[in-house]
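What TrEMBL says about this one:
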COMPBIAS  21-31  compositional bias 'Polar residues'
REGION    1-37  region 'Disordered'
TRANSMEM  104-124  transmembrane segment
TRANSMEM  131-150  transmembrane segment
TRANSMEM  156-175  transmembrane segment
TRANSMEM  195-213  transmembrane segment
TRANSMEM  219-239  transmembrane segment
TRANSMEM  246-263  transmembrane segment
TRANSMEM  283-302  transmembrane segment
Amino acid sequence: MTSRINIARPQQGFSPDPHGLSNSRPSSGYRSANPDDPVEKLRALGKQVEDHVEIYSQPLKPHLPAIGRFLIVVTFMEDALRIMTQWGDQIWYMQNHRHFPWGLSHLFLLMNVVVMLIGSFAVVTKRHTEYAVAGLLSVVVIQGFGYGLIFDLTFFLRNLSVIGGLLMVFSDSMATRKKMFAGLPSISETDRKKYFLLAGRVLLIFLFLGFIIQGSWSIVRVFVSILGLVACTMVAVGFKAKWSAIFLVVVLSIFNVFANNWWSVASAHPQRDFLKYDFFQTLSIVGGLILLVNMGPGGFSVDEKKKTY
């Protein structure tokens, strides 16, 4: 329920009618919400903002799933393009720093490129989405071990968020695929979607945790971190999840443009590739949040439970 009801002690002489035979007029023992209450004013303001956002976002709504899917896989497409354009450097790095033998290094990079391109195309076109998501998930794990970054905390948190975005894609496609979990007949398709939406929501917020633990602190950073943590918590538990996700989309987009501005760095600068990687990976997480805005938080959420009471 979106409105709060204040229940006061019944007045003297009040006698409830257990059989409902009296008229339906509310008892004088119930007080209506005080319009001068600051909480009520804040709730009314929030309702007005929601109504305006709902009205002005209508033209964009039909395109949100496609935008979200494209942004989720954009980091894989950029990574595949980078490997192809820097093939010699990638081979040298895998053989000299990661000690891959000749041939295996070529096969490792080639398989990564093929899976990322095919998987990204399948996700965007909504063809064999479950297999595409499984392939992209395997790329995330294999690259972590292959490049020796699996124990890097920032890399780990960012990739958990990317996995959360892929789970959102998987949840979105579960309505059309019912044969993926044939060994679990006791769980309905709707219940599986709820579980994956819950996992996707929780994993999506790990990027913000990575943002908090790295970099230098400032007043603005502390303020944004506190607001972001509140929004992340609301997304995780599914309370006002859509509006919290919209807030995170705006914050992450602004942060991404100013913090990962790889286009302003010289092409020969070694930091350019790292900034570009972070930029497109953040876009993927923004895509997952956009899918969350479009689909809603799912059954395992405060928002959904409130509808049943």
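Numbering starts at 1 and runs along the chain as it is shown here.
Each Cβ is built from the backbone N, Cα and C atoms, and glycine gets one as well.
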Same chain only, please: residues at least 6 beyond the ends of the transmembrane segment (104-124) with a C-beta under 8 Å from a C-beta of the stretch. Say none if there are none. 66, 69-70, 72-74, 76-77, 79-80, 83-84, 87, 90-91, 94-95, 98, 131-133, 135-136, 138-139, 142-143, 146, 169
Quick test of the contact rule: Cβ under 8 Å, at least six residues beyond the ends. What residues does that give for the transmembrane segment (246-263)? 53, 205, 207-208, 211, 224, 227-228, 231-232, 235, 272-273, 275-276, 278-279, 282-283, 285-286, 289-290, 293
